[in-house]
Amino acid sequence: MSQQHIDPKNRFISGFILHLHPRTIPLETLRISLSFGLGGIAALLLMVLFITGLLQLLTYEPEISTAYGSVLGMYKNVPITGWVRNIHYWAGNCLVLVAILHLLRVFLTGAIGGVRLLNWYIGLLLLFLTLFANFTGYLLPWDQLSYWAATIFSSMFAYIPVVGNQLMELLRGGEKIGPDTLSIFFAIHVGFLPLFFIIFTIWHFWQVRKAGGLICRTDGPKKMLSERVNTVPALVERELFWGLSFLAVLLIFSALVDAPLAEPANPGLSPNPVKGGWYLVGLQELLLHIHPIFAIWVLPATVLLLLALIPIRQTNVLPPGVWFGGRDGRRAAFLAFILGIIVTSSAIVADDMLFRTEQLQPGNEFLTRGLLILAGYLVLVGGFTATARKWQQMATAKTVMLIFLFHVGILLALTVVGIWFRGAGMQLIWPL
């Protein structure tokens, strides 16, 4: 009888929630320290981006003669539209950060192998879509910052073997950035990417549901492991609390801090220095030290291949639901991360001081800044791996974790240096 009087609206909401979540979940998975709600926050940010993106379509004009003016008008004509743009911009940046942190969380709690392997691949694809969405959206204001950043980063495609030039011209709509480029970026950003996000995000959550929810420990308090609670309301209430709290912070921050908007795009005047979005600055920094083919193609492809191959062997995966594989792995993980930062920072300073001059620069860059650096990198990683294996006879999964975090430290160092320690002419500076 009670089922007949359930509000159809509530029944629909409950049904939708239970399509993406199991009906019951282990009590263990409710602890915030297991996932920090990063997956839910990423989904919330996607919804915010869809809504604010649709609202901006009411005033944005995707033509090079009017694009900048339409964005500027969001702040001058109706102030609330400027707030909407701010929300969209900061939500997009937050999504990149949250997606990266979510990937780290999944890897470091052993949620990448077995029945979760396919979802790991879906997650990697979603991270790529997030970066590509930010890249395509970056050009749309058609200001100096976005124009020249798009010019530099789209030119990187030319270094991909065989199809590089074709990809670059396909993305640009010609040899140079122009009206066709803006139309292509707008179509990708507004037309194609949202559809892919919807499909793969729902699939991603469905795969979590199929796996029984969040991964949890196999050893721990018996009550936490054996007791199960209803998803509605136990999990949903927590998701609402953390989601609304995060949303409130985002809305307030967006009201206080405007999204960047430089002068109108001027193809004849390049700003100095030219930097892209923070999420791509690490790659830009790498290009200063390594031959473009290796920086843009060889190293990223190798890293992506390893991320795909690591979970295939279960011995490479950390124990389920335990951060860093346990207490003994935490200290080693921290040291590996810090070592990656120190080694990279030292290499950047040494390269700038010793080798980035005309007198000391060797002629054959493919050899000196490509093959030799790759060989040195492989020796470094090999030595690091051997040391990690011997140190306290560390298991394979923890050794893989240390190598992973070592590379996270490398990426962080490249990004920080590129953002704050590069000035005019991309010279090293000390920020005041």
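Here the Cβ of each residue, glycine as well, is placed from N, Cα and C on the backbone.
Please treat TrEMBL annotations as automatic predictions, because they have not gone through curation.
Annotated domain 'Cytochrome b/b6 N-terminal region profile' per TrEMBL: 2-217, in sequence order.
Within the chain, the transmembrane segment (32-55) has long-range Cβ neighbours (under 8 A, six or more residues past its boundaries) at 81, 84-85, 87-88, 91-92, 94-95, 98-99, 101-102, 105, 109, 190, 194, 197, 201, 205, 208, 214, 216, 238-239, 242-243, 246-247, 250, 321, 323. Annotation comment: TrEMBL describes 32-55 (among others) as transmembrane segment.
Annotation comment: TrEMBL describes 87-108 (among others) as transmembrane segment.
Annotation source TrEMBL lists transmembrane segment at 120-139 (among others).
Long-range contacts of the transmembrane segment (145-163) within the same chain: residues 135, 138-139, 171-172, 177, 181, 185, 260, 262, 265-267, 270-271, 274-277, 280, 283-284, 287, 292-293, 296-297, each at least 6 residues beyond the stretch ends and with a Cβ under 8 Å from a Cβ of the stretch. According to TrEMBL, the transmembrane segment annotation covers 145-163 (among others).
As annotated by TrEMBL, transmembrane segment applies to 184-206 (among others).
Residues or ranges marked as transmembrane segment by TrEMBL: 240-257 (among others).
Sequence annotations record features per position, and here TrEMBL assigns transmembrane segment to 293-312 (among others).
Tertiary neighbourhood of the transmembrane segment (332-354): same-chain residues 108, 285, 288-289, 324, 360, 380, 384, 388, 391, 394, 398, 401-403, 405-410, 412-414, 417, 427-428, selected by CB-CB distance under 8 Å and a gap of 6+ residues from either end. The transmembrane segment annotation in TrEMBL covers 332-354 (among others).
Annotation comment: TrEMBL describes 366-388 (among others) as transmembrane segment. Only residues 6 or more beyond the boundaries of the transmembrane segment (366-388), in the same chain, are considered here, and those with a CB under 8 A from a CB of the stretch are 289-291, 293-294, 298-299, 332, 336, 339, 343, 394, 398-399, 402-403, 406.
The transmembrane segment feature in TrEMBL is assigned to 400-421 (among others). Counting residues 6+ beyond its ends, the transmembrane segment (400-421) has Cβ neighbours under 8 Å at 104, 107-108, 275, 278-279, 281-286, 303, 310, 316, 318, 324-325, 329, 332-333, 336-341, 343-345, 348, 381, 384-385, 388, 394, 428-431 in the same chain.
In the predicted model, residues of the domain 'Cytochrome b/b6 N-terminal region profile' (2-217) average a pLDDT of 91.
With a threshold of 8 Å between CB atoms, the same-chain residues lying at least 6 positions outside the transmembrane segment (240-257) that come near it are 32, 37, 40-41, 44, 48, 83, 86-87, 89-91, 94. Residues 112-113, 116-117, 120-121, 124, 156, 159-161, 283, 286-287, 366, 369-370, 373-374, 400, 404, 407 of the same chain sit 6 or more residues outside the transmembrane segment (293-312) yet have a Cβ under 8 Å from a Cβ within it.
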